[in-house]
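First up is the structure itself, then whatever we jot down about it.
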Amino acid sequence: MEFPFDVDALFPERITVLDQHLRPPARRPGTTTPARVDLQQQIMTIVDELGKASAKAQHLPAPITSALRMQSNRHVIYILKDTSARPAGKGAIIGFLKVGYKKLFVLDDREAHNEVEPLCILDFYIHESVQRHGHGRELFQHMLQKERVEPHQLAIDRPSPKLLKFLNKHYNLETTVPQVNNFVIFEGFFAHQHRPPTSSLRATRHSRAAVADPIPAAPARKLPPKRAEGDIKPYSSSDREFLKVAVEPPWPLNRAPRRATPPAHPPPRSSSLGNSPDRGPLRPFVPEQELLRSLRLCPPHPTARLLLATDPGGSPAQRRRTRGTPWGLVAQSCHYSRHGGFNTSFLGTGNQERKQGEQEAEDRSASEDRVLLLDGSGEEPTQTGAPRAQAPPPQSWTVGGDIMNARVIRNLQERRSTRPW
């Protein structure tokens, strides 16, 4: 490739190495600052043209090598110039090779992921007019010597078929290790990649470091003895008395006679409880069977026994059930056909029955008061007032000539059908 400026004056050596700064390899004596700026601009022009030619040869949509990318990455480019032909005394460029270190995640033979940072071949181009003349091998070999690497330790970024044939022909690199990215590695790549040092090498390094560093190590600080582990107590190390008290049974099993005097020694409180109120002792637990047995064996009250013995009508509940005739029963017996027509005597009879029940309740309360007085004093109180008139005998009403009480009428009403249809 030819350029309008003097390439021999810009690159005095056959192979020139440029870094990301793209500076001239050597300063000529007496070169001013504007001249140095012009030289750097010429180098940038050469790099851009080489990148375009490489992209065209590899059928890439855009060049992957340019002066701007070189300045933004820590890559190295090797430029090979033609020293035999001197057209118009300016020289020519044959090709270039761009390399750089990249952090990769690659797979080994066992398909295990490995994080490595090898030297990668990023771009390689030789002009079509001078190919198969050994210029590519010369440039590649110079790079290997400069970087001190072996061909099987390299990773190639998207190599072209021509580059793979070149590596197979000159360096016997044929078998590749399959990868999931665009890089290609060959067998032997993991032979010297991040191998951990052996114990002997590690011991040798420590001994060398001790000899190189004459400063004695600081004495080890004595640590306090480790305290023995004990039982973990809830919330604090103090005893909690209320946690040891039995749970109070539900009502009525917890009903017990209260003590007349408070306990002589109340349970102590924990110091960590603060101003929380004291919990009194729980009542003793009474089994359910003993409670039921005591209820069955409990004798009735004397007043209740006397009332049951003197009442001819049975229990008080029975008297309440049979007291008078409800208005509903009277209405039912009056309005249904099986009892005949409407009889107004039923209403009067019901009123008389209700008055009779009220009189019986008054007599019963008076008798209970008399029994209580007898139980308390042992003497029968004297009656100072006028004698109470006796209640008239209970009246009843007849149905079909038979005397029937309210209980029988109620049973009859419950057993029959109340539906009018």
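Cβ coordinates come from backbone N, Cα and C, glycine included.
Quantities reported herein were computed from a predicted structural model and do not represent experimental measurements.
The domain 'N-acetyltransferase' feature in Swiss-Prot is assigned to 1-190; the stated evidence is sequence analysis. For LYS56, LYS146, LYS233, LYS244, the entry in Swiss-Prot reads N6-acetyllysine, with the evidence type experimental evidence. Look at Swiss-Prot and you will find 124-137, 160-169 tagged as acetyl-CoA binding site. The feature compositional bias 'Low complexity' is assigned by Swiss-Prot to 209-221. Summarising the annotation, Swiss-Prot assigns compositional bias 'Basic and acidic residues' to 226-235, 352-372, 412-421. Annotated phosphoserine per Swiss-Prot: SER272, SER276, SER315, in sequence order. Annotation comment: Swiss-Prot describes ARG305 as asymmetric dimethylarginine, evidence class a large-scale study or a structure entry. Among the features that Swiss-Prot reports, omega-N-methylarginine is placed at ARG323.
Classification of VAL130 (acetyl-CoA binding site) by DSSP places it within a helix. Taking the domain 'N-acetyltransferase' (1-190) as a whole, pLDDT averages 89 in the prediction. LYS146 (N6-acetyllysine) and HIS133 (acetyl-CoA binding site) are 22 Å apart (CA-CA, integer value). DSSP gives LEU164 (acetyl-CoA binding site) a helix state. The secondary structure of PHE124 (acetyl-CoA binding site), as reduced to three states from DSSP, is extended strand.
Sequence-distant neighbours of LYS56 (N6-acetyllysine) (same chain, 6+ residues apart, CB-CB distance under 8 A): none. Sequence-distant contacts (6 or more apart, same chain, Cβ under 8 Å) of LEU167 (acetyl-CoA binding site) comprise PRO151, ILE156, PRO159, LEU173, PHE186. Sequence-distant neighbours of GLY136 (acetyl-CoA binding site): residues of the same chain at least 6 apart with a C-beta under 8 Å from its C-beta are GLY95, PHE124, ILE126, PHE166. Each residue contributes its Cα atom, and for VAL130 (acetyl-CoA binding site) and LYS146 (N6-acetyllysine) these two points are 24 Å apart.
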